[in-house]
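To start, the structure itself, in structure tokens.
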Amino acid sequence: MDTKTFKRTLQHSENYNRKGFGHQAEVATQLQSEYQSSLIQEIRDRNYTLQRGDVTIRLAQAFGFCWGVERAVAMAYETRKHFPTERIWITNEIIHNPSVNQRMQEMQVGFIPVEAGNKDFSVVGNNDVVILPAFGASVQEMQLLSEKGCKIVDTTCPWVSKVWNTVEKHKKGDHTSIIHGKYKHEETIATSSFAGKYLIVLNLKEAQYVADYILHGGNREEFLQKFAKACSAGFDPDRDLERVGIANQTTMLKGETEQIGKLFEHTMLQKYGPVELNQHFQSFNTICDATQERQDAMLELVQENLDLMIVIGGFNSSNTTQLQQISQERGLPSYHIDVVERIKSINSIEHRQLNGELVTTENWLPAGKIVVGVTSGASTPDKVVEDVIEKIFALKATAAVF
């Protein structure tokens, strides 16, 4: 399929909207009431520091809702206001945050049901409205919805669309897109659908395996088994790695994406030489500014003298996981939670580990005076961050009384 032509045709359709419906001011007031926080603004105004009793909170200087997330959530609210009685669906979670997705359900925005791992779009009628989330949707899903004739509201983050444009350039130049990402992640699924030939690598270790194969060859069957769920149909490592281009899931670690890009540039330079490098390697900057800012702020925060770190965000939020990884690599006691209810007591907190396991840690909050670092993922409302900070203040205040 010519995905570029399809996209252009869809965007000119009368059933397609990606600019909103003119209710921005009204919706902005509602979003401020539901998601923003006067406490968080106070901490910002105090140089990202607030001390109360035995607790000093140090907030990362970039955290929480990014512009793309704010835009997606606002467009979803606008859609309900513009279509007060129509059935509205969304193809995935609007963003990776449980409280926001719960709010979508309260607004009668339905999630496309999933049967045996596949979405059942038969529930969508031609008079319905379907929202595409901030991560985007695959070409196949968009085509199916277009054929149904339903109204499509596209909240895809422009940074994600930029990556789609990049893999289309790879395809035009007959380059295989090497995508740094998680093959199960909605964004990477969408991105790969715009690519021609593609291979998804999770980390630098997998990228090194591919680079070694390019330079020295290897066991083809082992390669295909290793990337069975992470490559395009009919992928042949002996044929499809002669010309490569780099792209990424926008929420991955910036530094690792850069390392992977440099690795493949060096690999193709070594194999084909400087004269032919540009024929065999393409790279465009697709690192999201918001992701980069939050990771840079986290790297700065963990240099401080902190007693522990709280990372707040959905458990399926990739960018939040990367923030947690930065903290753990620093050796800090660090707890990734999605909602304030994960804090059970001063002695007990339920949190997600990097491997995805949900565990409970006892005696997590030290006695006496403490400095707590706090950050949140790009899909986390300030109100959720406020709830967590207030809970920590309250627990320590109660402990001080006794």
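One is the number of the first residue shown, and numbering goes on along the chain from there.
Each Cβ is built from the backbone N, Cα and C atoms, and glycine gets one as well.
Taken straight from Swiss-Prot:
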BINDING   C66, C157, C288  [4Fe-4S] cluster binding site
BINDING   H96, H185, S317, S318, N319, S379  isopentenyl diphosphate binding site
BINDING   H96, H185, T250, S317, S318, N319, S379  (2E)-4-hydroxy-3-methylbut-2-enyl diphosphate binding site
BINDING   H96, H185, S317, S318, N319, S379  dimethylallyl diphosphate binding site
ACT_SITE  E187  active site, proton donor
**Message:** Let's check the environment of C157 ([4Fe-4S] cluster binding site): how many other CB atoms sit within 10 Å of its CB?
**Reply:** 24
**Request:** List the Cα distance (Å, whole number) between C157 ([4Fe-4S] cluster binding site) and S379 (isopentenyl diphosphate binding site).
**Result:** 12
**Fill in**
Rounding to whole Å, the Cα atoms of T250 ((2E)-4-hydroxy-3-methylbut-2-enyl diphosphate binding site) and S379 (isopentenyl diphosphate binding site) are apart by 13
**Message:** Going by Cα-Cα distance, which of the recorded positions (C66, E187, C288) sits nearest to S318 (isopentenyl diphosphate binding site)?
**Reply:** E187
**Asked** Whose Cβ lies within 8 Å of the mean position of the Cβ atoms of H96, H185, S317, S318, N319, S379, the isopentenyl diphosphate site, other than those residues?
**Response** I95, T251, G313, G314, N316, T320, T321, G377, A378
**Candidates T250, S318: member of the binding-site residues with the richest Cβ shell (10 Å)** = T250
**Prompt:** Residues near the [4Fe-4S] cluster site, C66, C157, C288 excluded, by Cβ within 8 Å of the Cβ center?
**Reply:** W67, G68, V69, A134, P158, W159, V160, T250, T251, D289, A290, T291, A378
